Amino acid sequence: MDSSRATTPARPHLRRDLQGIRGLGVILVVVGHLAQWPPGAFAMLDMFFVLSGFLITGILIAAFPRYGPGFFVVFYLARFRRLIPAAVAVIAVTVAAWYLLFNSTIGALTARDGVWALLLAVNWHFASNGTDYFADQRPSPLLHYWSLSVEEQFYAVWPLLIFLVLLAWHRHAGRRTAHPDPERVLLVVLGLVTAGMFAYSCWHSAAAPRTAYFSTLDRSWEFGIGALLAVLAPRLARMPAWTSRRLGWGGAVGLIALLFVPPGGLAFPAPWGLGPALTTAVIIAGGIDRDTRYLRIIDNRPMVYLGDISYSVYLVHLPVNLALRPWFEPGAPAYYASTVALTVVASLACFYLVEQPLRFAPALMTAPERRRRAGRPRRGASPRVLQLGWLGVSLVVAAALMAASLHSAPAPASASSERAAAAPSGGHAVTLLERQQERLIDALAAPDFPDFDPPLGALSLEQWSHEEAADGCVDVSEAEVASCRFARPAATKLAVVVGDSFAIAWMPGIRAALEPRGWAVQQLTLAACPTWTLSSYLTPEGKPFEDCAEHHALVESLVQQQHPDLVVLASGGGEVRNSERPDMPHDGFVVAQQGLAATLASMPIARTVVLAPSPPHADLVACIHRFGVPQDCTSSPDADWYDHVDGETAATAAAGARYVQTRDWFCVADVCPGFVGRTPVTADGSHLTVEFSEQLAPLLRRALIGPG
């Protein structure tokens, strides 16, 4: 049996249905990022991974007998021409645009992401930073490059595996007359690898879903499913026509249905990703060596063309989306229209000016490829296409600049009228609040952004956590209790502070309020563990937070032992997840009321104060741009925040403890500035900066221990 048997799993030809799937997929990715709809649009990347595994594995199997070991050079050079020039061009334009449109801090962060993207390792960069793909407050315009990194990391290893398997088969076949088909050998090896990677992904997706989302290892099984189809292609091509059609329609209907089915309680990317992966595999299998025009939903000229330019569309869509977002009100029709228009123009420019010309540039081809392509028409852009492309870019940029010039934030009320509305009358406590309200009113009326202190470059949750963790007291265990007590030598009273990272953010202000008055402050905090006693609390990654229950038991024990003169409970006002239904949040009012009531039952009520959470604020790093005004960075308490405050108020009143409402420390008539004076209010839109927390010390002192 000669070596041509190794090519039996034939190289897949260009299929219109697969190009149509690409077109449909990229439309849904664009719409998903633009409108956060449909709920399962993010699963289109699973489809792309399966499709990639099918096409690339078929190419690799076909290339081996033709080139031998030299197929590595041919393969990687083709991958370089296909992907790298357009990707580098979009990175360069995006980084430059972010420096020009936004501020130097966000520009530097984008440049850092760009470096990781150029290194084809940005997925691990995002994973190590704890990026939440679905809820990140500062989405990077290069966030979508994670999938390109995953793909290229996978193909750094996959060709070598296939080469070694086929090489071993050839050597084995040369020594024996009876030997298994290469198809069977590949099926066994690739099947075992795929099954193993799927099992690993199921475990890791449940254990660390944020990391798993970006992990190459957790995505490898999706490429593997496509690869197995490529190996099975000759057998699948022998299916009856009626079977193929049913597979094609069944896969298409299943894939579309999954767009409207959120993962629910299943972990992602595995096992939930198995649905879109298998439906894509069914579509691929149904169209092998078949006329797929019966699938008009994807096999039509517009969809096929979108599939042709899908890579350029994917590269440009997120930077365009995020670049235009600050100029429009949320949900404005003009925002959607402008984003779609500029995405179309930028995609065509990228495709015709960068992707195609460099993909087929003779200088980037091997000599055999140049000879093979000799006489074929160049695949670049005609002069007329270039002219139309640049004209389109110019028109859309001009329209965006016009929209920016017309964009104006709501005019703030006059400082005098706000003061008249906000000013109470009375004694010392009123004077402190009155003074704070005046500072807030001045901030709301500020015509320009100040020279911030701390600077924007110091504002991030990562840096905030590092500063707050300098004393090692973010997550306080029994071993750290003594080292997390802060006091001056003459301290005679003890205050205990209990809560999550929001309580940690209050600590600079509480210490500044109490320590000069002879108090010791004992910090008993655990990040992401609120003061509410819950049996079903989940971490932000969706895992049961067993440490939180243990921490509550430790706090209760220490409070009973230390007999503090004051207990301060403080938590964030965010969403709490239900372990029975991870896709459904708890009702905020019920959680805060019942959970806090259970905690208060173990506290010395007469000496316990519950501190309301600070309202959510604008993230200054994300909201400040070159043409912006301070009013762009205002915010208002949302319904979730009020639900939690109402629930905490009810629970505190029922228990007989004291509740400190903090909204007026941050907001005037429900409008909250992002900075006061030169001081940013929060480090990340949620957690107070150290400097602003300390500025609240007089208000905290009055609220916690009264005048004096």
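Cβ atoms are placed via backbone N, Cα and C, with glycine included.
TrEMBL lists transmembrane segment at one of the ranges 185-208, 305-328, namely 185-208. Transmembrane segment is the annotation TrEMBL gives to one range among 20-37, 272-289, 470-487, 488-505, and that range is 20-37. A Cβ distance under 8 Å defines the sequence-distant neighbours of the transmembrane segment (20-37), meaning residues of its chain 6+ beyond its ends; these are 44-45, 47-48, 51, 144, 259, 280, 283, 295, 297-300, 302-307, 310, 313-314, 317-318, 321, 336, 339-340, 343. Sequence-distant neighbours of the transmembrane segment (220-237) (same chain, 6+ residues past either end, Cβ-Cβ under 8 Å): 8-10, 12, 46, 49-58, 61, 151, 154, 158, 183, 186-187, 190-191, 193-195, 197-198, 201, 269-270, 273, 277-278, 280-281, 284-285, 288-290. On the 0 to 100 pLDDT scale, the domain 'Acyltransferase 3' (17-350) averages 90 in the predicted structure.
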